[in-house]
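For reference, the structure discussed in these notes is given below.
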Amino acid sequence: MQVSSLNEVKIYSLSCGKSLPEWLSDRKKRALQKKDVDVRRRIELIQDFEMPTVCTTIKVSKDGQYILATVVTFETLSDDYSKIVFLHNDRYIEFHSQSGFYYKTRIPKFGRDFSYHYPSCDLYFVGASSEVYRLNLEQGRYLNPLQTDAAENNVCDINSAHGLFATGTIEGRVECWDPRTRGRVGLLDCALSSVTADSEINSLPTISALKFNGALTMAVGTSTGQVLLYDLRSDKPLLVKDHQYGLPIKSLHFQDSLDLILSADSRIVKMWNKNSGKIFTSLEPEHDINDVCLYPNSGMLLTANETPKMGIYYIPVLGPAPRWCSFLDNLTEELEENPESTVYDDYKFVTKKDLENLGLAHLIGSPFLRAYMHGFFMDIRLYHKVKLMVNPFAYEEYRKDKIRQKIEETRAQRVQLKKLPKVNKELALKLIEEEEEKQKSTWKKKVKSLPNILTDDRFKVMFENPDFQVDEESEEFRLLNPLVSKISEKRKKKLRLLEQQELHEKEEEEEPEGKPSDAESSESSDDEKDWVEEVRKQRRLLHQEEKVKRQEQLREDRQTVLKPQFYEIKAGEEFRSFKDSATKQKLMNKTLEDRLKLEAKNGTLSISDTTVGSKQLTFTLKRSEQQKKQQEAEKLHRQERKTLRRSAGHLKSRHRRGRPFH
């Protein structure tokens with residue numbers, strides 16, 4: 001039994017494990033069972049669970065008591081195996097009852113799939129034809145076929161809720177028909193919907209699998225490895241999943257309790273959530289897959305492979321074990337996840353080229369060699385004897401390899417050469433030492449590891465760009481790191497040692513001798529000085545350095561001759577005094593209207609003199625030619641009006657007698 005796990009979902013392979021070669025005698029098999037505990041504990045869940053030839057379809061009866069497998073496909077018309085219909089690869093259809101063969105008929109073209117419509121007792125056959133053949137089991141005759149728009153049809157299925165019939169074509173479409181009216185009610189272009197930005201398709205996708213679930217859900221598999229999930233009320237898929245292998249989807253199943261969809265191609269079985277599309281788990285058998293079947297109401301999965309032996313897998317999270325093997329629930333709790341060991345330990349697999357190198361090509365066809373795949377099995381004792389005769393110094397070479405491995409292991413325990421960056425070497429060495437101390441602490445107790453700055457790409461520039469070099473002579477650095485002088489001296493010695501190791505990197509030398517333990521202890525005692533005294537010492541040094549700098553600055557000032565400096569004022573700017581520079585900067589950020597209002601409010605529009613001789617000047621804006629002409633015209637017009645104006649004093653009315661005029 002083999003155990004695999006993905007996303008914390010365990011899958012138990014009940015058909016995998018130690019398998020005995022068929023050519024072993026019964027005596028040898030009994031000897032292996034006595035000697036090998038794993039062979040003795042091997043689980044044979046179903047005895048002789050294999051076919052004489054390779055099978056392409058596997059199903060379980062509705063009552064869960066029988067497992068059936070055939071070459072093309074079949075359908076159980078009853079709850080058990082008492083009524084079965086088989087579709088052969090020679091266009092024949094066979095009806096079997098519980099007693100055996102019952103009737104045989106033929107369809108016009110080669111069939112690929114069929115479905116049974118229970119309400120009307122009709123069998124729908126699809127294949128290498130554009131027609132869907134209908135055989136009525138109640139009347140015992142063929143009915144008029146359904147004419148599709150496809151050249152050929154690959155798969156079909158009937159919805160158990162409302163009886164909708166769907167067929168998948170080689171053009172990548174799905175046609176839906178109503179059996180009551182025998183008319184097409186829908187058409188889905190799955191080939192176009194399966195092509196996404198990430199998919200790589202070299203040919204036209206055809207429909208290779210089809211499955212209904214409930215009244216409104218349908219899953220479609222294509223020949224290029226895509227699975228499309230549809231809601232029948234929409235022509236756009238809800239989800240598109242790609243198997244990434246480019247192989248045809250061979251089987252689709254729904255697991256309702258966990259809302260899962262099982263899709264299988266020849267290499268892998270994927271189980272994913274039909275709502276979110278997230279992968280639940282996957283299974284990769286050792287042989288290519290032809291078909292997959294879920295055992296009803298359980299966590300058992302059956303596969304029909306490209307070998308006569310079929311696969312049995314148990315996934316506890318999908319459901320319990322079937323009633324006839326309920327002991328699996330208790331057995332899986334005791335199993336350990338050990339890698340599968342081979343039972344061919346007493347035999348050596350060799351190719352024809354290996355036999356020629358050993359001089360044993362003449363044994364081909366003799367009982368000493370058993371043909372298997374592209375080579376042969378031979379007794380391991382015979383192999384070792386012949387190899388020792390051909391190469392008598394093989395043991396010496398093996399011994400030298402072992403010694404070389406031991407030497408490399410001891411070298412790995414030495415202090416490894418640290419390649420420091422070009423910038424901030426001392427900081428990098430400090431980080432390396434801190435990382436080594438963290439590793440030592442993790443050996444004693446579990447400490448949560450934090451990311452290292454040296455390996456973090458976000459801080460890569462700090463060790464490459466010289467602009468990020470730490471200035472150890474700055475006041476801030478020396479005050480924040482009072483012990484840096486002593487520590488840096490010790491670290492600089494290490495840097496010199498590492499530089500020497502880099503010079504002799506390509507040569508094999510012994511580990512450089514370190515310092516005596518007494519010197520190291522003396523250095524560690526020197527580093528343990530009082531922190532306060534070191535801070536005071538650094539402050540005194542800083543004050544002395546500042547005093548020296550001030551004296552040098554005064555000496556330079558005495559030697560220099562002061563010269564007047566002139567500054568140019570930009571056009572449109574004002575200058576009053578140096579005191580108003582900050583106010584002027586604020587005013588320049590405002591609009592002209594706001595500046596005029598502010599100056600009028602502050603009374604700065606009047607002409608005034610300052611101590612530095614600034615003047616307040618007024619100016620007029622430059623007008624365009626059109627504005628000048630308009631201004632001249634207005635001026636002339638006003639002058640003409642003045643000359644033509646007459647006095648209106650004589651028009652004043654006098655007081656008259658009589659009634660006023662209204």
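Cβ atoms are placed via backbone N, Cα and C, with glycine included.
TrEMBL entries are annotated by machine, without manual review.
Some features that TrEMBL has for this protein:
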type	residues	note
COMPBIAS	520-531	compositional bias 'Acidic residues'
COMPBIAS	622-637	compositional bias 'Basic and acidic residues'
COMPBIAS	638-662	compositional bias 'Basic residues'
DOMAIN	1-67	domain 'Nucleolar protein 10-like N-terminal'
DOMAIN	76-338	domain 'Nucleolar protein 10-like N-terminal'
DOMAIN	343-391	domain 'Nucleolar protein 10-like second'
DOMAIN	456-482	domain 'NUC153'
REGION	501-535	region 'Disordered'
REGION	618-662	region 'Disordered'
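Broken down with DSSP, the domain 'NUC153' (456-482) shows 16 helix, 0 strand, 11 coil.
With DSSP states grouped into helix (H, G, I), strand (E, B) and coil, the compositional bias 'Basic and acidic residues' (622-637) comes out at 13 helix, 0 strand, 3 coil. Within the chain carrying the domain 'NUC153' (456-482), a Cβ under 8 angstroms from the stretch's Cβ atoms is held by residues 421-424, 426-428, 488, 531, 534-535, 537-539, 541-542, all 6 or more beyond its ends. Helix, strand and coil counts under DSSP for the domain 'Nucleolar protein 10-like second' (343-391) come to 24 helix, 12 strand, 13 coil. Looking at the domain 'NUC153' (456-482) alone, the prediction's average pLDDT is 78.
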